[in-house]
Structures are given as C-alpha cells and as structure tokens.
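Novice: What TrEMBL shows for this protein is this:
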{"type": "REGION", "residues": "1-54", "note": "region 'Disordered'"}
{"type": "TRANSMEM", "residues": "136-156", "note": "transmembrane segment"}
{"type": "DOMAIN", "residues": "138-597", "note": "domain 'Major facilitator superfamily (MFS) profile'"}
{"type": "TRANSMEM", "residues": "176-193", "note": "transmembrane segment"}
{"type": "TRANSMEM", "residues": "205-225", "note": "transmembrane segment"}
{"type": "TRANSMEM", "residues": "237-254", "note": "transmembrane segment"}
{"type": "TRANSMEM", "residues": "266-288", "note": "transmembrane segment"}
{"type": "TRANSMEM", "residues": "294-317", "note": "transmembrane segment"}
{"type": "TRANSMEM", "residues": "338-355", "note": "transmembrane segment"}
{"type": "TRANSMEM", "residues": "367-385", "note": "transmembrane segment"}
{"type": "TRANSMEM", "residues": "397-423", "note": "transmembrane segment"}
{"type": "TRANSMEM", "residues": "443-461", "note": "transmembrane segment"}
{"type": "TRANSMEM", "residues": "493-518", "note": "transmembrane segment"}
{"type": "TRANSMEM", "residues": "530-549", "note": "transmembrane segment"}
Amino acid sequence: MDDFPQFLKDHKDIQEPVMGGTYDEYNHGPVSPLDTPVTPSASSSRHNSKHISVHSRSELLATDSWLHQSMEKVPQIPAIYTNGRRNSTNSLLLQAAGKLEPYEALGNVSIEHMPPPQGPPTNDHPELKIGGFHEFCFIAAVVLAQFFCLAGLGQAIAPVKIISAGLGVNNPGQEAWFSAAYSLTTGTFILIAGRLGDILGHKRVFVFGYLFLGIWSGFAGFSAYVGRQIFFDVCRGMQGIGSALLAPNALALLGRAYPPGIKKNLTFALFGAMAPWGFVIGALFGALFSQTTWWPWTFWSYGAAAFGMSAFSLLVVPKQLAKEAQFAGVTHVPGFDWTGSALGVIGLVLVNIAFNNGPLYGWSTPHVYFVLIIGVLVLVAFLWVERRASSPLLPVSAFNATVTYTMALIGIGWGSFGIWIYYSWRFLEEFRHLSPLNVSAQFTPALVCGLIAAGATGFMLTHTPVSFTMLIAMLAFFVGQVITAFMPVNQSYWPQMFVSILIMPFGMDMSFPAATVILSNHMPREHQGLAASLVNTMVNYSISLALGIAGTVEVSVMTHDGTITDSIWGVRCAFFTGLALAGCGLLLGVSYFVKSMVKEGWKVAQH
C-alpha cells in the first residue's frame, strides 16, 4: 500500500469498511471493492483522455506501474473527488488536481486541473428568487391547471341529458363518450406532453396548454350548430389534449421550483385538492348554464377562462423556470421518440375505443374485437421499440417494483372513481329524478372534504410512510364504492350518498399527491415532465377505460325490456364493477404496505 498516493491514505476516514466493500458517506451507500485489476490498452482512447470515470473498474487510477504489482485490492477514490449525484451515468472528473500533481506523469493517465472540491453536489432545486405575492400567483396558476382538467370532465357529466337532447342522442353508450373521449386523449397524450415539456421547456408547453384548451372548448360549444355527436366527441377529445399539455408540465414546474420539504409537500397536496373542486365547480356551472341559458355557454365560458389563465401564466411563472434556466447545466437534452409516440398513441386509442364501443355494438361484432387485437399488438410493438430507442418516451429503466406498485394502485383506484362519479350522477338524475343543478349541489360537500383531505395528505407525507398514505387512499375508494353500490333508489340523500361524497375525496387527494411526490423525487430535473406524466396517464386513461368496462357489464346484464327495474339493475352492476376494482386496489395497497414495512419498517421518506 506504500506505492499509492499519499492523498488516498489521508482520506481513509471518508470511507468506512462495510461488508463486501466500503461505505461512502457522501453517496450514502456501499462501494464494492475492486477484485481483479484490468490492464488498460495503450491504444484505448479512454486512457488518453483527461477524464476518468469513477464508475468503471478499469479506470480507477490504473497505471502500468501499479497494475503489475501483486496486490489483491485497490482502494477506492475518496468520494469527495467524485460527483455524488444519484443515478448519474456520465464519466466524471477527479477534482483534486493540486494534490495529484506529483503523479501526473505516471502511465497514460493525466488529471485535469480543477479547483478543490467545495462540498456535496449542487442542488437541482435553486431557491426561487421572487416575492411573496409573485409566488402566490405562480402557485395559483399552476394548481389551477388541475382544477381546469377536472372541470373539463365535470362540465359534460352534469348536463349529459341536456347535451344529448341537443345532439339527438338517446343511447347511454353514446352519452358515455362525452366523458370518455376527454379522458381518453388526456391519458393518451400526457406522456407525449411531458416529453415535449422536457424538450421545449415546461413553461412554454404549460402556457400553450391553456391556450389550446380554450380554443377547442369554443369549438365544442359550436357543435350545437353542427348538431352531430361525432363532431362534439372530436372537440371533447381535443379538449383532452389541452388538459394533457397542462397537467404534467404543471407538476414539473412545481417539482423544479421546490426542493424536497414541507413546502413541496403542501403545494403538491394543494394541487391534488383541486381535483374535487374542479369537478364540482365544472359540473355546477355546466348545470347552471344548461338549465338557465343554453348548454354551449358551458364550454364558451370555460374557454374564455382558459384564455385568461394562459395570459396570466405567461406573466407569473418565474423566469427561473423558463426554458433557458431549465437546461442550464444540462449537457444532453432528451430527443423526441417519434416512433414510440406514434405507436403508443395508436395502441392506447385503439384499445380504449374497443372497450367503449363494446357496449354500443356488442363484443360479438367483429370490428370491436378486431380493433382490440390490433391495439394490443401495437402496444406490444411500442414496448419493443421503447427498449431499443435512444430517447424512449417511456424508459424501461424508470420502472422498478415501487413504481409498478404505485402505477397499478393509481390506475385501479382512479378507474373505480371514474365509475363511481359517472354512475352516481346517472343514478341521481335518472332514478331519483333530480335536475343537473340539484345533483351538482349535492356534490358540494366534496369541496370541503377535498381541502381536509389535502391537509391530511400533507401531514401524512411528512409523518408516515408513503405506502401507508396509499393504503388509506385505496380504503377510501373501497368504502365509498360499497356505500353507493347498495344504495336504495327510494332513499333520502343523507344516509348513504352524502357519506359516500364525504369519503371519496380522500381517495383522490391522497393517492394523487403521494404518487406524484414519489416520482418527482426519483426523477432528475430534466425528466420532471416524464415523472408527472406517468401519474396523470394512469389517472385519466384508467377513468376512460373503466367506463368502457362498466358499460359492457351494464349492457350485458340487462334484459332490455324497457322497464325501470332493468335499468336500475344495469347501473347497479356497473357499481359492482367499480366495487370490484376498488377491492383489488385495497388488496394491492395492503400488499404494498406490508412489503414496505417488512423491508424498511415505519420509515418516513424525505419528500
């Protein structure tokens, strides 16, 4: 060991011996020892470079004079001379030029002269240098994106019968497309929108998302003059693309603006709290305009508000979060995966169309299951392409057991929620004969519960394991479904419907922020859009897909004799479908929580 540089001996206190290697107190993990020295090739360009990779065993100060000695172990370079950033795969620089000058001439290795290290790596979340009022406006503009996304869903559910009458539609399966088209495109295009934010800048795509949403909301209102359902469905789908542009980039802006801590937890919880507020307010105004004036004004007023938010966001989103700041210090901007994007969109759309057309045309119709088969094959091709793409839309490396569990929980939980919200509305309007405005008023307690749930979520994320928060969310989805699934028709509002409305926001507002915080903290700065996209994709696509599944069950169990009893039975079986999904989510949540407790104990992760 006397042949090694003195500075390696001087820093023995930095790495402590652990089983199987050493412990790096800067990177907080074991470092495996080098078992077999590798002789470098004289012609190798790696050893002629001034840059030395600390991740490659063949590049750890390997010189001919050292490697031919009969040593069994080679000590690791102290962690202070490496870049400690997690998940970095770049070849990093040794930052100890001053101490290495006597050894610069050894072998083929030269050390690039750099100033001495100044401590741990810099933070990816520089503090926002804006005033308090400016920060308030920024947070408002970003969290209202979630409000607009859910308001876009609620505005067509509340007055669905009035819109159907205006478009000449009387089939429940066709009416379901008013909501399914919106959720379909939102869920399908979110991954692409997140990647566009990673490439073009999150602020730029975010502002454009509000603008795009406003344009197509206006066209949706003009469908009253066209009088065709297909035109309205297309406009609803384009509205969904606007929401897809908003949601992941809003979360990416929050993820970049705040480092892990209480403020980040609170802003993410507030973002999640906007879900029930957006849906209820959107439904309330949809019912109000439809009953008092004309239903297109629902979409025109919504579009005007989106235009205003686009201008507002352009002004209040800080320059620190603009494209130039986003890519400062980033050496590699991810490319756009055109092939993967096309295959992903086509596959997801075809599968969803098959499930939502099944109730309309029947699964025995050839074109329905043919579309499903083609969609599945396209998705298989998408996965094959993503494993080989240089800049994949959905990196396979991003998935591990925790991410997979989280995505499954989000998809199942929010799928059951989509069934609950759509069929609860139908149940109250069709079988209890309430007006859209009256039903909207009955859902207003969700506003208060949404805020309570958001506050509880912010507290739980800092005091309990994330797996426990997800378990409580799945329990809320399940209990809310149980209450409505067995709800009698001739019953007052208070015993069951009211209680269900109080419980469901906890499922929404706990699952969404918890999943978002997990992925935001596990993705580097340049992939914050992708992290947010994964959660939003599962939320929106699962709602649309679950509606198709529930519609298939509803149509399959009905005798179609035209009686009210037959219709009630169909809707109740749709509720049972949502209950089954929520039950699966609860079991999966218990499994995830138990696995987390066995592996880590009652560990509160830093968020």
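Keep in mind that glycine also has a Cβ here, set from the backbone N, Cα and C atoms.
Mind mapping these onto the model and telling me what they sit next to?
Specialist: Only residues 6 or more beyond the boundaries of the transmembrane segment (136-156), in the same chain, are considered here, and those with a CB under 8 A from a CB of the stretch are 128, 130, 163, 178-179, 182-183, 186, 206, 209-210, 213, 217, 236, 239-240, 242-243, 246-247, 250, 253-254, 257, 267, 270-272, 274-283, 285-286, 298-299, 302, 305-306, 309, 312-313, 316-318, 543.
Through the fold, the transmembrane segment (237-254) approaches residues 142-143, 145-146, 148-149, 152, 181-190, 192-194, 196-198, 202-203, 205-206, 208-210, 212-217, 219-220, 264, 267-268, 271, 306, 317, 321, 516, 520, 528-533, 535-536, 540 of its own chain, all at least 6 residues removed from its boundaries and within a Cβ separation under 8 Å.
Tertiary neighbourhood of the transmembrane segment (266-288): same-chain residues 139, 142-144, 146-159, 250-251, 254, 257-258, 295, 298, 301-302, 421, 425, 435-437, 439-441, 443-444, 446-447, 449-451, 453-455, 457-458, 461, 504-505, 508-510, 512-513, 516-517, 520, selected by CB-CB distance under 8 Å and a gap of 6+ residues from either end.
The list of residues near the transmembrane segment (338-355) in space but at least 6 beyond its ends in sequence, with Cβ under 8 angstroms from a Cβ of it, reads 180, 184, 187-189, 191-192, 195, 368-369, 371-372, 374-376, 378-379, 381-382, 385-386, 389, 392-394, 541, 544-545, 548-549, 552.
Sequence-distant contacts of the transmembrane segment (397-423), counting only residues of its own chain at least 6 positions beyond either end whose CB sits under 8 Å from a CB of the stretch, comprise 157, 176, 179, 183, 279, 470, 473-474, 477-478, 480-481, 484, 500, 504, 507-508, 511-512, 515, 518-519, 522-523, 530, 534-535, 538-539, 541-547, 549-550, 571, 574-575, 577-579, 581-582, 584-585, 588-589, 592, 595.
Under 8 Å from some Cβ of the transmembrane segment (493-518) lie the Cβ atoms of residues 251, 264-265, 268-269, 271-273, 275-276, 402-403, 406-407, 409-410, 413-414, 417, 420-421, 424, 428, 442-443, 445-446, 449-450, 452-454, 456-458, 460-461, 466, 469-470, 472-477, 479-480, 483-484, 486-487, 531-532, 535, 539, 607, all in the same chain and six or more residues away from its ends.
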Novice: Between the transmembrane segment (205-225) and the stretches 176-193, 294-317, 530-549, work out which stretch tops the count of Cβ pairs under 8 Å.
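Specialist: Selected stretch: 294-317, with the most Cβ pairs under 8 Å.
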